[in-house]
Amino acid sequence: MESNGISEQKIVTGDFGYILQDVPHLTDYIPDLPTYSNPLQDNPAYSVVKQYFVHVDDSVPEKIVVHKDSPRGIHFRRAGPRQKIYFEPDEVRACIVTCGGLCPGLNTVIREIVYSLYHMYGVTRVLGIDGGYRGFYARNTIPLTPKVVNDIHKRGGTILGTSRGGHDTSKIVHSIQDRGINQVYIIGGDGTQKGASVIFEEVRRRGLKVVVAGIPKTIDNDIPVIDRSFGFDTAVEEAQRAINAAHVEAESVENGIGLVKLMGRYSGFIAMYATLASRDVDCCLIPESPFYLDGKGGLYEYIEKQLKENGHMVIVIAEGAGQELLSESMQQDASGNKLLQDVGLWISQGIKDYFSKQKKMTINLKYIDPTYMIRAVPGNASDNVYCTLLAQSVVHGAMAGYTGYTSGLVNGRQTYIPFYRINEKQHKVVITDRMWARLLSSTNQPSFISNKEVFEDRKEHISGEKKNEETQLLDDENCADVVPEN
Ligand SMILES: Nc1ncnc2c1ncn2[C@@H]1O[C@H](COP(=O)(O)OP(=O)(O)OP(=O)(O)O)[C@@H](O)[C@H]1O
Ligand SMILES: O=P(O)(O)OC[C@H]1O[C@](O)(CO)[C@@H](O)[C@@H]1O
Ligand SMILES: [Mg+2]
């Protein structure tokens, strides 16, 4: 099961092209582990539920839009409680760590992992790792009980603290061993899940009975495979307040322009969904859709047209949009992520200069940058429910001995996804997809794509040069094949 120190993918095939991309299990490398009955069968809340335990063969398809002769395709293991578990409650020493940027709902996930362990499985030893990955070896731990975490879901941020950088695999796994930890719950974004995968490989190499499980977190919604990440809904909702303010300001003055910059380093989902939700936005600019300023079909021409027709306009720009137009200089954060130039300030100045110098026209531009306000808030109701299901699912999987997985929602069902699927791509807005077309038709902005480019793209689709395009099931295709260099 091992090549080059990296465990091989577990693939199960079945009839009619069925493929299960399975997750590792402790018994893959520690044979003859004892099993125990799941205490949930005696829990009055659950014992009345018909078929509470998930059938061992239950799986969830990755693609639900199919043609009549499509193969059954890729599936993931369905999450949920199993009849047999691989840990006695007394034996469990769990830990939870949060890494990367903040995201609404982090505290809810922490709370619900603690509650699930205590109240569903009778586990009483849960530690919080202080301050992200480096906290494993550089900081103290925080004992977590239901009492400690009782009302943390009402607060934004993470009670455990977080950080970027500082992933030292060897030191982290030493610390896990030293503390006798046997379940590691890792909450974080794309970088964090890569880190979790490396920890899993090292744990496995050392032959430890330690589950390593991830919970995907990112307001950018840039993690592939899953329907959406927790906190995204809240961030989009919060962004409405900035867009509303921009609209009120813009329509109150002559030639008013409200410009809102939203987060989204490589993926423009927040900007796209905030625009679709608002209906007041006349132009949305995202990293995936290159744009240009001057000349026919450019941004300035469109702004001028909007001002002439409506007297005001609202522009939403994702922080990663148009970076190629700004300076080449590139700095990185502690995790190696690209530190972006402020495209909002840059474009504000550009618009002001264009109208005052070239058009001799007075405009009134208000720039709103809500930045951290959309992610430092607590999760909304829908995200809180989502976080609860994610937390319960990840705990059920760990108690059942699965490891090396990320818990995630796929087509509305909780699943266990192997790390390699979470880490192989970056979820991005595909501008030739229907969702972006819906946005363009709602804002009426130019697509900034020339007819020639669209024609070339179509030609490639028809000739099959573009991967997977024969089926034209475009709604499932919004992933970049290659993760961009940080
Ligand atoms: N390829 C990698 N291998 C091991 N660890 C990594 C890797 N990439 C990132 N990490 C670690 O994961 C942690 C979080 O990474 P990062 O700062 O990129 O945030 P993230 O999880 O992607 O969340 P966000 O959505 O906020 O960007 C950091 O401690 C970083 O050192
Ligand atoms: O300033 P920080 O905490 O490094 O994070 C900023 C980044 O984190 C995110 O919120 C999530 O990756 C991005 O949208 C943003 O660029
Ligand atoms: Mg990231």
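Glycine is treated like the rest: Cβ placed from N, Cα and C.
Mapped onto three states, the DSSP output places D220 (active site, proton acceptor) in coil. Taken from TrEMBL, the feature active site, proton acceptor applies to D220.
Annotation note: T192 (ATP binding site) sits in a helical segment as assigned by DSSP. In sequence order, C99, G100, Y133, I186, G214, K217 make up the list of same-chain residues 6 or more apart from T192 (ATP binding site) whose Cβ falls under 8 Å from its Cβ. Taken from TrEMBL, the feature ATP binding site covers G101, R164, G165, G189, D190, G191, T192.
For D190, the entry in TrEMBL reads Mg(2+) binding site.
What TrEMBL records for T218, I219, D220, M263, G264, R265, E319, Y372, M373, I374, R375 is substrate binding site. In the three-state DSSP scheme, G264 (substrate binding site) is classed as coil. Within the same chain, residues at least 6 positions away in sequence whose Cβ sits under 8 Å from that of G264 (substrate binding site) are D220, I270, A271, I286, P287, A318, E319, G320, A321.
The compositional bias 'Basic and acidic residues' annotation in TrEMBL covers 459-470.
The feature region 'Disordered' is assigned by TrEMBL to 459-486.
Sequence annotations record features per position, and here TrEMBL assigns site 'Important for substrate specificity' to G191. All chains included, 22 other C-beta atoms sit within 10 angstroms of the C-beta of G191 (ATP binding site).
If you compare Cα positions, T218 (substrate binding site) sits closest to G189 out of the binding-site residues G101, R164, G165, G189, D190. Compute the center of the Cβ atoms of G101, R164, G165, G189, D190, G191, T192, which mark the site for ATP; besides them, the chain residues with Cβ within 8 Å of that center are C99, G100, G188, G195, S335, N337. Packing around E319 (substrate binding site) is summarised by its Cβ count: 25 other Cβ atoms lie within 10 angstroms of its Cβ, all protein chains included. Residues from the binding-site residues list (G101, G165, G189, D190, G191, G264) with a C-beta closer than 6 Å to any atom of ligand 3: G189, D190, G191. Cα of G189 (ATP binding site) to Cα of R375 (substrate binding site): a distance of 13 Å.
Spacing of G165 (ATP binding site) relative to R375 (substrate binding site) is 20 Å (Cα to Cα, whole number). Proximity of the recorded positions G101, G165, D190, G191, D220 to ligand 2, judged by a Cβ distance under 6 angstroms to any of its atoms, singles out G101, D220 in sequence order. Taking each of the binding-site residues G101, G165 in turn and counting other Cβ atoms within 10 Å of its Cβ gives the largest count for G101.
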